[in-house]
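Student: Here you go, one structure.
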């Protein structure tokens, strides 16, 4: 077809309309989708700062092995800084020679540290021979300054001892935590043990200024509750009503009348103005993301269980806002599980041998039942055996086990020992620092089948079972179109053993059914056991981290990839080759593997694997660093088959997502998901990943002393447009294009007719 000048003009007009009417702006979500709840823990001691009356030093022991020291502004309720000490403080006193210096002592180890009271700089430390100190007073104020009478708190005048300020005590008042009357006056009350309220003077009145609740410290378990759009529920009801109709005509008439009523309601809401209706349909408020949060699965409630026996719901799209909180009145929380598919009920196990069933509602959950286990022992751990049969394996601190079955029906929340023995076998693997143990549950009895114990000079430092994922591909397609088949045997676990005598780290891959070790790999580069070690097990690969001293001190990352065979197109698990997986009879092929070691510039504390709905998105290794930051690395960078760029063959470069081997992996600033936040994860923190309705997006949360959540997109946000995308201009552009097409269509038809008759 011949192109004329007129056609070119039309093309330029279309391009102009496209560029002028459509503007897609993609903005950074930093500090918009992520949030942090910083905690101090229950206040053990409050120490005034002599150089600033508005500042105090707060000591708390959130864990059994560490102490948290925080500088706090009592006038504004703002946290100024926090510092975790690697030991608990038994004594804290002022230096006799310098009252601006604080001496912290651990009596069991005689370890002491001397800090500047104002900015908490470490001045001196040692073992034994601590500096001479002055004992701190038990209270932060004099007893004759405050009195409590008839449910009122009176602040007394220093000379007349008459009440200068009066305050009605809040419900649940426990004690006066801190008080000073110098300008400005500051008063802190402790309420319900975990709540702290700050007051200041406004004339003759005491007014509340700030409030904190420290119940969230030390999260031990979590559950996620999806929030659904009420309109989806209404739509489901309409569809069910249509399906229940007697005939096709009745179903059609029901849909027609329902949609007509919706149209009338829409017109009423907009005062029967077509212009308002059209504007509402085109408008898209970039700040209002309620609908998109519901649609894309961002709207979730994070339910957390704390060590001190509190359970609470946090709104994940509203910066972790507390929706509800419930005191379970137990000594310690251990584990909790959903008891039904609809997520209407939770069961919580406590450390003292009780279990509670909790009905979860939107407003305030209620405790339905509270019962002791059949064996009144201290609970160490709880494992869910079967999601549908509500069976749990409870391990006590004396190593005994209890098989527990819960009937989630109404008024029957009691433990039941099944009378009908199941013919199926359930295999369970447990581990501790002394070894790994295999059990079989048969006929409602628990029997140990195998045991892998370590010797006295060894310790198991990390353990991970193979992650259950959606299987998308059986193998890796190479550059020459051949396939390396993944080793997808599900009953696998990987663990690390530290040998203090020989200064080695040993990686083992074990079959959890038989206890057979399939792969072992030893590292003799002088691992430093003072630093943390961790391991994660993905679909067909394992990644573990440790710190070594040779040849130079550095953090190591090791990846191990498992294949059925390292020979392309060789698949040993094909049923046509008369091969079957049966580990109990010894019919199992050991995996062949490739491994690579990388250097990482920061010390890694814990690791986790990103999860998405269908597991299509590239997996990311999410890492919590020792410095309090959280970052992630796409798994494709940790390639065990990678070679240096100069050694890569031509076919290897054609492989999808192939990356050359680089021994040092730098930290990408764009992948630091905590940004400049001061995050205190704690010694037993959990790094978790929660899938959303968007395949590209995963929610990452760190649960410990603090709670932090954000979203990551390891493969980019390929399935979501920005809220600022200008939908109205796009529709106008399409409309203008249709109009132009309508008017130029006769001209094009006329040209075609003339060309057939050879008319110029």
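Counting begins at 1 with the first residue displayed.
Every residue gets a Cβ built from N, Cα and C, even glycine.
From Swiss-Prot, here are the annotated features:
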type: SIGNAL; residues: 1-24; note: signal peptide
type: TOPO_DOM; residues: 25-723; note: topological domain 'Lumenal'
type: CARBOHYD; residues: 73; note: N-linked glycosylation site
type: CARBOHYD; residues: 106; note: N-linked glycosylation site
type: CARBOHYD; residues: 192; note: N-linked glycosylation site
type: CARBOHYD; residues: 202; note: N-linked glycosylation site
type: CARBOHYD; residues: 420; note: N-linked glycosylation site
type: CARBOHYD; residues: 443; note: N-linked glycosylation site
type: CARBOHYD; residues: 574; note: N-linked glycosylation site
type: CARBOHYD; residues: 578; note: N-linked glycosylation site
type: TRANSMEM; residues: 724-744; note: transmembrane segment
type: TOPO_DOM; residues: 745-760; note: topological domain 'Cytoplasmic'
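A description of the local structural setting of each listed feature is requested, covering burial, neighbours and distances.
Tutor: In this model, the topological domain 'Lumenal' (25-723) carries an average pLDDT of 85.
In the structure as shown, the Cβ atom of residue 73 (N-linked glycosylation site) sits within 10 Å of 17 other Cβ atoms.
Under DSSP, residue 192 (N-linked glycosylation site) is assigned to coil, being neither helix nor strand in the three-state scheme.
Taking all protein chains in view, 11 other C-beta atoms sit within 10 angstroms of the C-beta of residue 202 (N-linked glycosylation site). In the three-state DSSP scheme, residue 202 (N-linked glycosylation site) is classed as strand.
In the three-state DSSP assignment, the secondary structure recorded for residue 443 (N-linked glycosylation site) is coil. Other C-beta atoms found within 10 angstroms of the C-beta of residue 443 (N-linked glycosylation site) number 10, with every protein chain shown included.
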Student: To the nearest whole angstrom, state the Cα distance for the pair residue 106 (N-linked glycosylation site) and residue 443 (N-linked glycosylation site).
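Tutor: Distance between the two Cα atoms comes out at 51 Å.
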Student: Which whole-number value in Å describes the distance between the Cα atoms of residue 73 (N-linked glycosylation site) and residue 192 (N-linked glycosylation site)?
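Tutor: Just about 21 Å between their Cα atoms.
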Student: Check the glycosylation sites 106, 192 for other C-beta atoms within 10 angstroms of each C-beta and report the one with the most.
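Tutor: Highest number of other Cβ atoms within 10 Å: 106.
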Student: DSSP helix, strand and coil counts for the topological domain 'Cytoplasmic' (745-760)?
Tutor: 12 helix, 0 strand, 4 coil
Student: Measuring Cα to Cα, how far is residue 443 (N-linked glycosylation site) from residue 202 (N-linked glycosylation site) in Å?
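Tutor: Cα-Cα, rounded: 71 Å.
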